[in-house]
Amino acid sequence: MADLPKHGSGNGADPDTARPRLGALRMLWPFVMRHKPLFGAWLLALAASSTATLSLPVAVRKMIDQGFGSGGNIDAAFALLFAVALVLAFATAARFFFVSLLGERVVADLRNRLYAHLVGLDQAFFERTRSGELVSRLTADTELLRSVVGSSMSVALRSIVMVLGSVAMMVVTSPRLAAYTLVGIPLFVLPLVLGGRRVGRISRQSQDRVADANALASESLGAIRTVQAHAREPWERQRFAEAVARSVAAARRRIAMQSLVTAVAISVVFGAITLVLWSGAHDVVQGDLTPGTLGQFVLYALFGGGSVGALAEVWNELQRAAGGMGRISELLDERAGIVAPSSPATLPVPLRGRIELRDVGFHYPSRPDAPALRDFSLRVEPGETVALVGPSGAGKSTVFALLLRFHDPQTGCVRLDGMDIRELDPPALREHIALVPQQPAIFAASAHDNIRYGRLEAGVPEIEAAARSAEAHEFIAALPQGYDEQLGERGARLSGGQQQRIAIARALLKDAPILLLDEATSALDAQSERAVQQALERLMAGRTTVVIAHRLATVLKADRIVVMDGGRIVAEGSHDELLAQDGLYAELARLQFLD
Ligand SMILES: Nc1ncnc2c1ncn2[C@@H]1O[C@H](COP(=O)(O)OP(=O)(O)OP(=O)(O)O)[C@@H](O)[C@H]1O
């Protein structure tokens, strides 16, 4: 799988890379076909509105020749004109309604499909992809496609119909004038297409500058504490102002180019029309043409010309959207490396909870020459608590990653109750493991929902019981809205110790036989510390536990301490035994636990 190209934002392809191929938009077809009735209704409305538009000039001719000419029926001519206009009005409204709705539906489907696909991808994918970029694909790129399905494609198709219809009607109306006009068309189209291309290129640049400014703002607002703690507000203001100024400068170039194109287009169009009109007027004077027919012809020329202009305008947008679609299909083509076998084995019920890593050798996909674990063998009996201790980078978290099957080891195997975990369906495996990470993820939801994440079908009494065991009930009950209190993005409204206790309550609720606990390194005050410790003891009771230990109390309570260094086990034993050896453990203990 190739690395994704890193764009500043989901908007606009890099002007230096190859032009996006319009063919990428074909990917949208199956999504459109899922809404056949809407699509059909739109085509009908399009046919009706185009027919009405194309009959308008005929009605105008009748009005001029019969209405103003001698002996005509004024009332009937005007009634016809009004009727055509009425059909046009309603058909246009229907066309707009159906195609806009189609755009919304298609984009919603596409977004759902993309999101459903992304959450199923493996950790290796998320390690090499920036989450900001994924969000931008989900929003900015799909947004671009909404405007394409809901408007640009409609404009393009309508314009093509109108150009063909107008040209045909021009030939029918006056073959001689039509011949003049057709010869003049390239003269008229060329500057529009050339100018349009240039506008497209400049507009991509201008959107990239806008995206730069946005990225800058979201980065500094996301790190507002760091910004303010360093008193860097003036610096950030200036950086943002400069980025905004760059985007205005780029937009100015685009606007200037667009203005120029508009001026040229209007001059060329009206120049051509004046010429045709002038030649037609001579015909009228000589009696070869009625005034109404000339009027009819000029209207067709205007419709046709206007539609060519509209085509030129949407051309660039279609190209941009093709770029967006290309990037989305790249993501949809990503395949997870960690998948269930075709017929997954089932775990014994009840699970005993023996875990084993046997002769494991592992390196992260992004770092093939830096093994994170080597010849690593560890067996944890049901109900046993093993503490992993070691310097930073020793490979402790990697053990967790392999037990959860976020990655597969390159050599050796990981077993659960004697069964190779590669034979299992990954979600089924993870159902049996509760993970309490060092920095728990708290969602922007209520306290109640945050705990319920551990087991979605849990009822209120179970959730409260879990909170009580996790020593979290008291502080939650004291929140202004109790369990309904919103905890804020990333748990912004909770202290570190409180966040940990929410995570412990979640794990208690999940009630899995295996517990992976990454103890927080951040020091808590004595009271929080005691509360967290008590909660953890309740959580660990009766479960097979592997804990990345940072506290003396934890290592003292563990059945066994495993000392890791450089991806290997260097010593094993109890606290006292290991202290007596006076090796790496004694050194770490002096630094970490015994100060
Ligand atoms: N996602 C990753 N991609 C590439 N390398 C990684 C990744 N995660 C960890 N590593 C590397 O693997 C090695 C082991 O890391 P690991 O996180 O398991 O150490 P640790 O003992 O948990 O450290 P700490 O106590 O600091 O969390 C380190 O050299 C680290 O740089």
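Every residue gets a Cβ built from N, Cα and C, even glycine.
Annotation source TrEMBL lists domain 'ABC transmembrane type-1' at 43-320.
Summarising the annotation, TrEMBL assigns domain 'ABC transporter' to 355-591.
Residues annotated as transmembrane segment in TrEMBL: 37-56 (among others).
TrEMBL lists 76-103 (among others) with the feature transmembrane segment.
Within the chain carrying the transmembrane segment (155-172), a Cβ under 8 angstroms from the stretch's Cβ atoms is held by residues 46, 49-50, 53-54, 57, 95, 178, 181-182, 297, 300-301, 303-304, 306-308, 310-311, 313-314, 318, all 6 or more beyond its ends. Annotation source TrEMBL lists transmembrane segment at 155-172 (among others).
Per TrEMBL, the feature transmembrane segment maps to 178-196 (among others).
Look at TrEMBL and you will find 255-277 (among others) tagged as transmembrane segment.
Summarising the annotation, TrEMBL assigns transmembrane segment to 297-315 (among others). Long-range contacts of the transmembrane segment (297-315) within the same chain, counting only residues at least 6 positions beyond its ends with a Cβ under 8 Å from a Cβ of the stretch, are 53-54, 56-57, 60, 152, 155-156, 158-160, 162-163, 165-167, 169-170, 173-174, 177-178, 181, 185, 188-189, 192-193, 195-197, 200, 265, 269, 272-273, 276-277, 280.
With a cut-off of 8 Å between Cβ atoms, the residues of this chain six or more beyond the transmembrane segment (76-103) that come close are 32, 35, 38-39, 41-42, 45-46, 48-49, 52-53, 55-56, 59-60, 62-63, 66-67, 146-151, 153-154, 158. Residues 81, 84-85, 87-88, 91-92, 94-95, 97-99, 101-102, 105, 154, 157-158, 161-162, 165-166, 169, 299-300, 303 of the same chain lie 6+ residues outside the transmembrane segment (37-56) yet bring a C-beta within less than 8 angstroms of a C-beta in it. When pLDDT values are averaged over the domain 'ABC transporter' (355-591), the model yields 88.
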